[in-house]
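Below is one structure, written out as C-alpha cells, with a few remarks after it.
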Amino acid sequence: MKRVELEGIPEVRGTVCPPPSKSGSHRALIAASLCDGSTELWNVLDAEDVRATLRLCRMLGAEVDVDGEERLEATVSGFGDSPRAPEDVVDCGNSGTTLRLGCGLAALVEGTTILTGDDSLRSRPVGDLLAALRSLGVDARGRVVRGEEYPPVVISGRPLRERVAVYGDVSSQFVSALLFLGAGLGALRVDVVGDLRSRPYVDMTVETLERFGVSVVREGSSFEVEGRPRSPGKLRVENDWSSAGYFVALGAIGGEMRIEGVDLDSSHPDRRIVEITREMGAEVRRIDGGIVVRSTGRLEGVEVDLSDSPDLVPTVAAMACFAEGVTRIENVGHLRYKEVDRLRALAAELPKFGVEVREGKDWLEIVGGEPVGARVDSRGDHRMAMALAVVGAFARGKTVVERADAVSISYPRFWEDLASVGVPVHSV
C-alpha cells in the first residue's frame, strides 16, 4: 500500500483498540534480555521498529520465541551481563530507539558491535551519546560529517568508570541508553547536562527497570542506577497512547470515537492528548477500559508546550487545521532529529490543504480554517502519514497520502482501523 486515497466526511463514529505501545515494547524486550532468566512478555507490538529491537536482542545472544500476530507473546531468555559480539552488522532499519538503546547494550559486549540503519536513520546524529560512552572508556565511533557523528557506529570494549555525563537536549534516548547500560553493569551514575527533552520517556525507562528489580534513584538532574535486572516472570506491555491520539483527534474534530484499552492513569507522555483535546473544546470521558471522545462542533486554537510529548506534535497540528484561531506549538526543536525533520515536513505538507502554517526554529503555528483535499506526502514518516490522514478524513473532497505504508513502523492496522470508523479508504 504505497498510496492511499481518502474521501472527506462530516463525522466519524466507531470503536478502536490501539496497538501495544512501541516505546514500552522496546524497553520490555531490552530489559528482559538483560536478565539471566526467562521472561514472558504479553501484548508486544508487532511492527517494523519493534522487530528491529527483536533482531538486536537476538544478535546479542538473547533467545526470543514469538507467537501471535499484531499483539505478540514473546518469551525472552536473556543474555544477562554477558551479551555476545554479533556475527554481522546490526541493521536497525528505521528505528532510532533500537540504534540508540543498542549503543548502550553494545558497550557491554566483549568485542565489537556495528550498528546501522536505513538512509533516514543514518541522517540522525548520535555524537553526544558516543562521546558519553567514550568518557567511560568505551571505544565508540560514528561516521563524521561536518563535526557531527552519525550511524553507522562501531562500539568496542566495556566501561571502565562508574559515572557519566550526557547532554539531554537532542534525545532523551541517549539518557535511556545509559540507564540500560547501567543496569547491565549493575551500577552507574548518569548526570544529565542542560535541558532534558522528552523527560517522560526517560521516566518510562526508569519505570521499566524498576519493574525488573533495578533501583534508579533520581537526584536533581542525575540518575543513580543500582542492581542488575531480575525477571518479573510475566509482564504486559500497555496499549499505545501515541497511536490512540490519532483517533482522539478524529473524535474531537467530528463525531464520536470510543477508544478501548487505554489507561488514563498511564505514565505514557502522550496521554496528554486528552488534556489538550479538552482544552481545544472537545469532550472526553472515562469509561470502563477506555475513553469516549465527542466533538462539540467547535475547536479553538491553543498554545501548548510539547517539549515532553514531541510525538503528539503532528496529531495536535492536524486538529489545529480545523480549530478557530491560531494554535502555537512550542519548544519542539528536537523534532528536527526524528525520522524526518517533522517541523519542516508539517510546514510543507499542511499548507497543501489550504491551511496557513508558520515555522520557527523550535515552534509551529497553524491558523485553522476549512481544509480541502490534497495530494500530500508522508515522507516515509509513520506519524506524518497518520496525522495527514486525520486532516484528509474531514477535508473537503479527496486526499491522497503518498508513502502510506510508513504506518507499518508503529501501527500496521491503521488504515483498516480508519476505514472501520467510516472514512472511505482506498489503495491506489
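Backbone N, Cα and C define each Cβ position, glycine as well.
Under a cutoff of 8 A between CB atoms, and with a sequence separation of 6+ in the same chain, the neighbours of R124 (phosphoenolpyruvate binding site) are G96, Y150, P151, Y337, K338. DSSP assigns R124 (phosphoenolpyruvate binding site) to coil in the three-state reduction, placing it in neither a helix nor a strand. Feature annotation from Swiss-Prot assigns phosphoenolpyruvate binding site to K22, G96, R124, Q173, R342, R383; the stated evidence is sequence analysis.
Its own atom aside, the Cβ of S198 (3-phosphoshikimate binding site) has 23 Cβ atoms within 10 angstroms in the protein chains shown. What Swiss-Prot lists as 3-phosphoshikimate binding site is K22, S23, R27, S171, S172, Q173, S198, D311, K338, and the listing cites sequence analysis.
Spatially close to D311 (active site, proton acceptor) yet at least six residues away along the chain are S242, G245, P269, D270, R383, judged by Cβ distances under 8 angstroms. When secondary structure is read from DSSP and collapsed to three states, D311 (active site, proton acceptor) falls in the helix class. What Swiss-Prot lists as active site, proton acceptor is D311, and the listing cites sequence analysis.
Of the candidate binding-site residues, K22, Q173, R342, the one lying closest to S198 (3-phosphoshikimate binding site) when CA atoms are compared is Q173.
Calculated from their C-alpha atoms, the gap between S172 (3-phosphoshikimate binding site) and K22 (phosphoenolpyruvate binding site) amounts to 15 Å. Listed binding-site residues: K22, R27, K338, R342, R383. The one with the lowest count of other Cβ atoms within 10 Å of its Cβ is K338. Remark: Q173 (phosphoenolpyruvate binding site) has G96, T97, R100, L101, Y201 as non-local neighbours, by Cβ distance under 8 Å and separation of at least 6 in sequence.
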